[in-house]
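Notes to accompany the following structure.
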Amino acid sequence: MGCIRIALYHQVNVNNECAPAGYAYMIPFLIALYDYWRNQRGRPNQKWTAPEGPSNAHLRMFVAVVSRAHFYICRSRLKNVLSAVFLMAGGLLVTSFDEGRQSTYICPIISGLHPRFRAYMSLSVTLDTLLLIGAAEICREGNRSRDGRKKQALVSWGYSFLGVAVICTIAALILRKVAPGDGGFVNSYYLRSAAGQGLLIAFTVLSAFQLMPIYGAVGISILAGSVSVNFMLASALFNGQAFPLILPSRAFAALLLTFLGVMLYLYGQTASEEEPQSLYGFNVFMRIFFSIIFGIVLILVAHQPSVANVHPIDLLIYEGRQHHDRWKSSANGSKNLAGAVAQYRAKYNQHPPPGFDKWYEYATSRSSVVIDEFDQIYDNLLPFRALPPERIRELTHQLATNPYNDIGAISIRNGTARVQEGIKPTHAWMVISAAKIIEKFSEHLPDMDLAFNLNDEPRVSVPWEKMSVLRAQARSQAPPPSEGLTNGWSSDRGEGWAPIEPADQTTETMFTDSSFVNIFDRYVGALCPHSSKARSRRMWDRHHICIGCIRPHSMGQFPSNWTVATDICHQPDLASFHGFFVSPASFKVTQDLAPVFSQSTISGFGDIIFPSPWNYVDKIKYEPSEEHPDLDYVEKENRLFWIGGTSEGVSRDGQWQGMPRQRLAHLVNNNTYNKVSVLLPADNPDTYSYQILDGLAPTEKLGLNASVHVTDPIVRCRKDCEDQKQELGTAGRVDFQSHWNYRFLFDADGAGFSGRFLPFLQSHSLPFKTGLFRQWFDSRVTAWLHFVPIDVRLHGLWSTLAYFGGVNIPVGVDDNGQPKAMMEPHNLQGRWIAEEGRKWAERALRKEDMEIYFFRLLLEWGRLTDDQRDILGYTE
């Protein structure tokens, strides 16, 4: 029985996205029923005798009624059953508070796991009940005997647990041999959690064994259940900006039912004289303890809001505009070259590199709106100051001359950029296009070689400990005095770079191929401090949203800080919610600092970001036509649109269930099992509350329009290609220019960054953007001003679409007698964001801005690779 229970527990935890909750609260009820049948029903009935009351007739009647109620409830043979019923009702009510907080991780309908897991949970409850009853009976027999059977019973339980452990371990080893995997589930976090649960179970069993003779299985299950329900309720209420907001009336009902259940049991123990007199004091202590808990949670309930007095998006739009105004004033504060030099020195505590005047002329002649704000370049290059220039050059040569590395190089000599020969043909276009950007300003660059990442995924994952040391060493280097500066490059720079041809001259590599496996713990969490959640915790629950993970960057369902939202260090749950973490298609990685230029990266990675050639050479272009016109925002179809391939990661055995593109398609088209919460107008004017709806209700009942499809065929899959096709459905490819027909365009990460975002910004449509990859322009665009951010978990998608698209359900009539919609579309705000993004893209995200960014980046890189870098700097 124990082995079966462990097997069920393992199955439920491995596939917890399909596991229903609340079943455990039936255990006290089932045990109470058994106790009634086994012990209570044969107990003789006692007769109530009226107490001697006060002389006042009305008061005496009141005392008699209270006494009779106390007698028939607390001394009833069904008192434990009634107590367990109260507790079960409270527990189920608390469990219902998680409705609307389910994650978008997919429980496939085609797998049949959802109904199967309901059967599993029912069987688990039955087994738990039988095990507790069996333990109680053994304890009772051992307690009656005087020949040491109680001790023998405990030893027997210990051997039973050891036997179960041995059998389960052998079974696990056999299964691993028969069906080997990547080992992502069994790692240090798993083993630590398993060890912690084992210790907890051992402590619980020992404690229960001591208390079992006194309270029996009924008492232990009711007391433990009460603590559990109160803890869950308090935890739900403590979640700062949790959603949906818990109605105070429902929270109070759950609290009251739980309190009645435990108090009825405690008072019943005393009233029925089943409890030894020596434990009366402990019973009183327990009553006080649960009363204190009741009071604390009651205070939380009283302060629980049920509605929002302002829609969060209204506030976030205002804050986005304020943030961008401040950033823009700092990004272009200098008015001339001398001012730009002064700003540079003050901001970065060093002198500008040689050639800064040429860069300034290049930028101002092309009307750049950004002159002083290049923090991303500074942050990317800072750790390289801890490496000697000759080491950087050596690493560049090593990277560029081994085809295994998936690196292509550009050599700059005498002001001319030349592409390395022998680059992988399928990816050579990217390096050729990067050279086209460099050609615009290469005459002002020193001789050097550059190593470009040919893959979409980032490559440099330096653990936090190493990176912190490198950054500290770099910051400790004081800038040279202005008098001793050399405003020019070393004359013999070209001789310091070894030839990059032939491209296969090196056999050693610093990269490890970690494609197709979960990389979060080894390569992503390691980028964060030890105290961070991503480094210290692992979230096993994929069924519910990790409220603590979204709180630092969210206002309810809506991202309030896009930079923090793409920071992985406070979000350990992302290990299961992004294809790059779950199973990257191509991931050759090093954990040592390496000079790799990449088009995009994840926070914490050490890649050097440069403007993407994909956008520069118009691989995807904003090009409306008569056939596909880009109409004004309000004239477009009121619909969210996305179509794309399953290119985010490789799925071999169900990994697709956590990938954002598949989750998006499932959320919109096939969300059968999970409920969703949507922020809608409340009954009172100008207030909003989260409404819990069935998964398909946003489209079927609220009338929200969304056209979301993955393209045929399903790609980057192994055994589960057909599963994805059946679960998600597929659609044919469409002309990219047809996107402009729709008011809302969704943008999501692929294997790396999405190349669609800039064309979306250039249109009159409103971009909805989700993802984690960062690009060269991230500091330039502002969420809620230039685009609408969507958390990568997608839990706020429907509320966001309801705000901008409106909910056209009649809820009465207006002053003119016309039907009044539940929620009018916020066309003014939507059009404003769409046009602000469009205008800003025309000013700050042009091809000229890519050149300006790349020019400045390579001037900084040129100084870092110069042997005289400590005395190099621009002087007027």
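Note: Cβ is positioned from N, Cα and C throughout, glycine not excepted.
Annotation comment: TrEMBL describes 568-868 as domain 'Glycosyl transferase CAP10'.
According to TrEMBL, the region 'Disordered' annotation covers 473-493. Secondary structure by DSSP for the region 'Disordered' (473-493): 7 helix, 1 strand, 13 coil.
Annotation comment: TrEMBL describes 20-37 (among others) as transmembrane segment.
Residues annotated as transmembrane segment in TrEMBL: 157-177 (among others).
Marked as transmembrane segment by TrEMBL: 189-209 (among others).
Among the features that TrEMBL reports, transmembrane segment is placed at 216-238 (among others).
Outside the transmembrane segment (250-267) by six or more residues, the chain places 70, 73-74, 79-80, 82-87, 89-91, 93-94, 96-97, 218-219, 222-223, 225-226, 229-230, 233, 236-237, 283, 286-287, 290-291, 294, 297-298, 300-301, 304 with a CB less than 8 A from a CB of the stretch. The feature transmembrane segment is assigned by TrEMBL to 250-267 (among others).
Summarising the annotation, TrEMBL assigns transmembrane segment to 279-302 (among others). Note on the transmembrane segment (279-302): residues 214, 223, 226, 230, 233-234, 237-238, 248, 251-252, 255, 259, 262-263, 266-267, 269-270 of its chain, located 6 or more positions outside it, place their CB under 8 angstroms from a CB of the stretch.
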If you count CB pairs under 8 A between the transmembrane segment (20-37) and each of 157-177, 189-209, 216-238, the winner is 216-238
Intrachain neighbours beyond the transmembrane segment (189-209), with Cβ under 8 angstroms and 6 or more residues off its ends: 135, 139, 153-154, 157, 161, 220, 521, 537-538, 540
Across the domain 'Glycosyl transferase CAP10' (568-868), what is the average pLDDT of the model, as a whole number? 96
